[in-house]
Amino acid sequence: MTKFHVKLYAKAVESRKLDQIQKDFEKKFNRKIDVSVEYCYHVITQEPELISSNWEKLVTLLSHSPFETSVWKESQLHPEHGKNIEIGPRTAVKTAACTNILSIFESSGIKNVERIERGIRYLVEDDVDVNEFFEIAADKMTEAIYGNDVKFDDESHQIEKVFLIDVLESKQNLIKANEELGLALDQLDLDFYYDFFVNKVKKNPTDVELFDLAQSDSEHSRHWFFRGEIWIDDRKRDGSLMKTIRETLDSSNDNSLIAFCDNSSAIRGFESVCRLRPNDPTTVSPMIAIFPPSHLIYSAETHNFPTAVCPFQGATTGTGGRIRDIHATGRGAYEIAGTVGYSFGNLNLPGLPLPWEDETFEYPTSISEPAKIAIEASNGASDYGNKFGEPVISGFARSFGQRLENGERCEYLKPIMFSGGIGAIDKDEVRKEPCAPHQKVVKIGGPVYRIGVGGGAASSVSVQGNRENQLDFAAVQRGDAEMGGKLHRVVRACAERIGGNPLMAIHDQGAGGNGNVIKELVEGCGVTVKSDTFQLGDESISLRELWTAEYQENDAALVDASLLDALQTISKREKCHVSVVGEVEKEQRVKLLGKSGEIAVDLDTRQLGEREKKVFKLKSAPRVLKKLELPENLTVRKALKRVLMLPSVASKRYLTCKVDRSVTGLVAQQQCVGPLHTPLADVAVVALSHFDTVGGAVSLGEQPIKMLIDAEKGARMCIAETIMNLIWAPITDLKDVKMSGNWMWAAKCDGEGARLVDAVGALCRGLREIGCAIDGGKDSLSMAVTAHGEVVKSPGTLVLSAYAPCTNVTKVVNPSLKAVPGSKILWIKIGSSEEKMRLGGSALAQVYSQIGDDCPDIENFSEISKVFSIVQQLLNREELAGPLRKPIILAGHDISDGGLLTAILEMAFAGNVSIDIDIKPPNQNIKPIDILFAEECGILLEVSNPENVLHIFSEAGIKCQEIGKASAVFGPDAHVKIHVNGHLEINEKLVDLREEWELVGDRLGEFQTNPKSLKEAREVRRTCQKINYKCDFDWYYNPAFIHNEQYFSTAPRVAIIREEGSNGDREMASAFTLAGFQTFDVTMTDILAGHTLEAYRGVAFVGGFSYADVLGSAKGWAAGVQFNESVSKQFEAFRSRPDTFSYGVCNGCQLMAQLGWIGDEEQKGPTVFLDENECGRFDSSFGPVKIEKNVSIMLSGMENSVLGLWSSHGEGRFTYRNLQNFQNLKTNGQVCIRFCDDRGMTGADHGSVKLPYPWNPNGSIDDVAAICSRDGRHLAMMPHADRSFLTWQWAESSEVPWNARFDQKTVALSPWIKMFRNAYNWCL
């Protein structure tokens, strides 16, 4: 059939990208260039009249704003004195954007479009070299230059046929295939497979079988090293590393439910947790409260190789794969929140040379430069989480690159992209059902693409950089968070289904693709898989690619045949494809049949399971170490200036501000604390429900630079850091703590394997001493790269993730100093004698280009247990302060990178207060630099009753020193004074020190944020004092009706409406339920299928990224309403009914603006549009807003209040068709909420058009945050009241003065609940 390639041109919104291109081009080629830009949409269709018959729809969808027509059939860039260069995604694979636009087209009634991709066309001067421009403007791994004849439907691609590798004739043929196919088989593998095919099964393998086995049996997939037989210096180790790790479970509490046997680990949680879920997820149904036993799960993995090759996509797929690990636990589980970590080489930032970075180091072209990894990997992980709807609530970042004393270069050229996540699982879903004949084998999720081919093998080579770049590129996957979200909703719906979970067992697809995941699924049985049952995204896929590609957002599951219809109904509702690809058979044999019946795979799984352990013979190699030599006359102040710029110490604001930290409404503690939202929290905490205060706590620990000195000491310090980060959340018991251990190590390089073995032994011995245990983890043992002929090893790294049940999420302590009168700051040194102040492996050593020869260690683990126990007791104790309660521990922080001085300063930075400190060394011979910069284990406490606390520690035999206090002098007036033994070492303004700490993060921020916004943020940090919240109304009531099913049968109904890509429906449902409504789960699929809104008094349009916001925020969602006549009429009828109300937040706000539900009703059509944030990116923040006098029914009685509120969006800037429209809104009282500053003042109060960033996070004129309809019934707001209606959801909850009025053991309602209660009362 004839296909037509049509080009449409549109206005491009790429000002930030253009600015960066011009700066980068000038820097690299020493010349300024002028650049103009437009979009070009390449539409592949079989319908010649497609454009003309759908022109109005296409203009609406492809124009940037509803206020202008900016789509053309001809290019608007006319190269009279220049030339056009078009850059777009590589044409071999459909992009995630294409998939989402096609979904929008289908919803809008635009048919017969096979593909649509967007290129960016640039107009540059004639003498600009195309290749040079491409190098600056594009990502070579994912983009290409488009010529006029660019093809997206290359029918000349030949499908590669299955072929045999003739191993029966010669082993050399196997060796040749290993090289040509990039299988990364080592000699042991070659010997095994040669014997397997020649002597056991007596046949030649197909290329598909061999490729399958290479991925499934790779180090990445099977962890041979950790399971293998280890010899060190010709002495056999007693047991495998895995055995040693598993044995830690014997010393901890017996609360593990899943350990080392599923996609995530699980521990016992709480017996009865009230949660909302749909009564029937196959259709529209009420949300009902259930009380199941709810357990905690955690999973962590790294995606290092893909991130090295292609940072953005490598990180997106690492995040997506780990999320699927969470939901594919047991028979289906629920993700709640993520953790992240990035380790990269020297940044070499332009204009900011860091004195410890070696200018002579060269970087290979086959992997990305460290600065690009730091920026784009974090962009990728953040983007995926934002679109999926998973908050990122904890993490780390580290940079290292040095030449060690033995002459070796050690640097994170092979980076670490760490992704972890905590979730929940119901008791009945913990165990997978065993496979049994006649069960259906199904694939759920996205279609098959030629991406991620050979990733398991690629990640398992000893040293990266020796393969062809094309093989490495083929192994990198592509992420599609929209599809990931749809897949997750299917799994969650199955697990929540009251009539029985259709999923008997489920595994996520990862390394090895279908070949690996299906073999896992049918272990103990067999299956015949038919290739023509798969949904293909590319018809030219070969059988080898279909069977082994890691194409993302896909799960395999066993389904009871009687429940298959239920699964397919759920999948249709969630718009997620299900393919039945086979049926379980009794014979233990896995077969793959081609379309013509040819056999591509035929493997006896029993024979494959007989493989023996691999044997690893290692040699130890002592470190060459040198004592730390610091410059003579080095002052504390000079040392501090450098230390504050080290990325592991410096501000991580460039990471936290761009990632959602509030979605789900279950986050009780994320990274940012204090009035300036400073990223310093030690522990991350989530609740299991909006109706309870129990949850889970997570902390991370990693100490790789200390491991360079002594692997055993570094491992023990990892334990210490992890536990001292976790200490600030009340948990059930220290022995309930379980950990994931992730090992990133060049273990196959000389000496490194033995060091890894030492570290494992030290870790496990230490954990047994305190009663904690490892219950899962991963390893990445190919952490070396060839750079210009030199092997560069990344520092051996262990990342520990601890998780435990949290008994009360309202009792968490963070590092922000409160400066309460009478409070004091205490220092507790833990685990070693108080005289030891070792600087080896410290930030101070690194910034002077050394590591030293002796690092901190834990010599007494019992002190860790004692201190942990005491702090836990104190977390749950409070004192009366007049009519209110006051906690004993006001603030707390662990001592880690940067040492004691950095920890003290960070607490002051977060609290924005003055501090006066005097530290008394236990020994007069200890130098100030030693005591201030040593990274010995310890904690700092700000306490309200210092005498009592000192006594408690003394009674337990723990030395605790009072070192000073914080004073209620804030911001620009705050001062920092640090004395050591009475001698003044630091005497500076707080804001000056803090800006030194923010400097490197700000420079990294310039690559992703509007420099104007960064400048404004610096000024805000310098002038902010303390946020003054104000609330004069009463909002509290007892929502006991939650437990009364009969109550909801007569309650007013609210439809919680979501579209594909929405992610804020559960928190929205909880808010309205707590207000007294009966809430219903309603999808746009339901409405398009005929479900009406007649029975509802209210509708709520939820937040998220409908269709990934691919054509602009909520544009696809709006099109599904506007271009479907029956839906459009129904929506308009609901809007016009005088007894109805609506509430839209974030994406829902954008939808209401697109539909014209808010704005100036005197003019037809949309008069309000939410444009891109002025900062140029997604922004997540918690800040004050002011509720104005307004006509909204939901905000009645709340006027003049100043309350804290979460904002999380990329396109939230209110713009208007004209200024008169905006003036009418103000005159009519339709502008309901404005952003304000720490004093409760708006830009107008200061005589300005708007407040600076981040007080105004999106740049809206007049600081507008919410607008309602003329009659007040329809309210749309960008910030999230649906994530701020409980006190513990507030980032500043510990500092809100009215919180102590209420018993936190009941539902801790915040003032925002009045919004929802107002709506309820209006309906009565």
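Glycine is treated like the rest: Cβ placed from N, Cα and C.
With Glu721, Asn725, Asp894 listed by Swiss-Prot as binding Mg(2+), the candidate from Asp682, Asp854, Asp857, Asp930 annotated for that site turns out to be Asp682.
Working note on the recorded positions Asp682, Glu721, Asp894, Asp1282: by count of other C-beta atoms within 10 Å of each C-beta, Asp1282 ranks first.
Figure note: comparing Cβ neighbours within 10 Å for the recorded positions Ile323, Ala681, Cys1146, the maximum is reached by Cys1146.
Excluding the listed site residues Asp682, Glu721, Asn725, Asp894, the same chain places Val683, Ser699, Gly701, Thr722, Ile723, Met724, Leu726, Ile727, His893, Ser896 with Cβ atoms within 8 Å of the centre of the Mg(2+) site Cβ atoms. Across the structure, Asp894 (Mg(2+) binding site) and Ala681 (ATP binding site) are spaced 10 Å apart at their Cα atoms. Ranking the binding-site residues Thr317, Ser394, Asn725 by the number of CB atoms within 10 A of their own CB puts Thr317 at the top. Annotation note: His1280 (active site) sits in a strand segment as assigned by DSSP. Ranked by Cα separation from Asp1282 (active site), the binding-site residues Thr317, Gly320, Asn725 are led by Gly320. If you take the Cα of Asn725 (Mg(2+) binding site) and the Cα of His1280 (active site), they are about 29 angstrom apart, rounded to a whole number.
Neighbour counts were taken as the number of other C-beta atoms within 10 angstroms of each residue's C-beta; across the binding-site residues Gly314, Gly320, the minimum falls on Gly314. Nearest neighbour of His1280 (active site) by Cα distance, taken over the recorded positions Gly314, Ile323, Ala681, Asp682, Cys1146: Cys1146.
It is 27 Å from the Cα atom of Asp682 (Mg(2+) binding site) to that of Gly314 (ATP binding site). DSSP gives Gly314 (ATP binding site) a helix state.
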